[in-house]
Amino acid sequence: MSRQQIGVVGMAVMGRNLALNIESKNYSVSIFNRTRSVTEEVFNQNKKKNIVPYFSIKDFIDSLLKPRCILLMVQSGKATDETIKMILPYLEKEDILIDAGNTFYKDTIRRNEKLSKYEINFIGMGVSGGELGALNGPSIMPGGQKEAYKLVLPMLEKISAKFKGEPCVSYIGPNGAGHYVKMVHNGIEYGDMQLISESYFLLKYLLNMSNEELSSTFSKWNKGELNSYLIEITKNIFIEKDEKGKYLIDRILDVAEDKGTGKWISKSALDLREPLSLITESVFARYLSSLKRQRIIASKILQGPKIKTFIKDKNSFIEEVRRALYLGKIISYAQGFSQLKRASEKYHWNLKYGEIAKIFRAGCIIRANFLQKITDEYTQNKNVVNLLLTPYFSKIANEYENSLRNIVMYAIKYGISTPTFSAAISYYDSYRALYLPANLIQAQRDYFGSHTYQRTDQTGYFHTNWSQ
């Protein structure tokens, strides 16, 4: 009996497309799905391809060359644990199990530890690019046993996205490192999307720009510093029309949903004591948008500015928004990469930040030209503390901070919500501040809780019996 080179479990759209991607690179693929009809459907649609369906987990695993390589693309959480439990009795030492789902990194750490006891290699692999990326080439973030990674690297390089011929895949680190980086990627994606949405609202409601004008503006932006996948699709979204010839964007309900993964990075930030303010505000912005009924009521009760909109120079304002958006994006990445550094230190992952930026350059949702700037900065200095302190990004920050400040002032003046722009300038001012009002907070803590404080003129910790 001929055996296949790799098996894929989970035939929803992502698993299906990854299987097809792998097969297209001259690999033979076994497929399995708990629901028999789904497996049959995938096979029947691809009979001419080197894909072999199996309907029992034992037959599926027996069909694979040793050491077996099995890729899981199932729902994260309980479903992944149940699938591993189902597969485990049939696995042998040195087999490789790859979890390519959108998995919480602590689950990956736990599973890696458990499977290591059986001498089974477990790779937690972040995959970005959506269903089309899975089919045509995603950005891939594998973490786990390095020796196992080396065995699957030839396949991963072939199926990954390419940036100027360079595969967008690199070994991230041990156990949960790959899924942690994917989590940070998702958080940056949240931040990017919210910043772009706030830019759209400022242009639409302060300049009364039409959808055609918005599309044209974003098209120009996409030819410069802001060149990215998200800017590219946004310019297309503005001019998409429905079956009645109406602009679709104007008929989409203003409620942004999420799959719950956005909050993971914010929870981790709190655990690590990392000020991930912009990205966390982008998560909260989605939650606030979901309060649609309450917002309708509030719009009739709570007052805002009643002054008439007046922007003297339209082109100058558009440029201010562009600059604010670029600096906001930089601050978002600065926060995300700062958190990666803190997590790497805590979990002893030894992350390579320049390599991480490189694999984001193609295939993934946050792909953008400016990622090369991040790679360049880490190439010149492997001990970057914060991207805002590097030569290129500090230069941009100093040139663009006034635009970011002006945009937030305009938003406040005219009552337009800009949570991530506001978080960006607040973080920027706090981060560059020689002094913050935290001395008063520490005095208050000592006053009511005897928590002590440090002094600027003496070493050690002090407590005062404050006057009542």
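Placement of Cβ uses the backbone N, Cα and C atoms for every residue, glycine included.
Swiss-Prot annotates G10, M11, A12, V13, M14, G15, N33, R34, T35, V74, Q75, S76 as NADP(+)-binding residues; of N50, N102, N112, the candidate listed for that same site is N102. Among K158, K259, K314, only K259 appears in Swiss-Prot as part of the substrate site alongside N102, S128, G129, G130, H185, N186, Y190, R286, R445, H451. Cα distances from T35 (NADP(+) binding site) to the recorded positions G129, K182, H185 are smallest for G129. Counting every protein chain shown, 22 other Cβ atoms lie within 10 Å of the Cβ of E189 (active site, proton donor). When every Cα pair among N102, S128, G129, G130, H185, N186, Y190, K259, R286, R445, H451 is compared, the largest distance found for this substrate site is 49 Å. Shown are the recorded positions K182, H185, R286, H451; the one with the most C-beta atoms within 10 angstroms of its own C-beta is K182. A sphere of 10 angstroms centred on the C-beta of T35 (NADP(+) binding site) encloses 10 other C-beta atoms.
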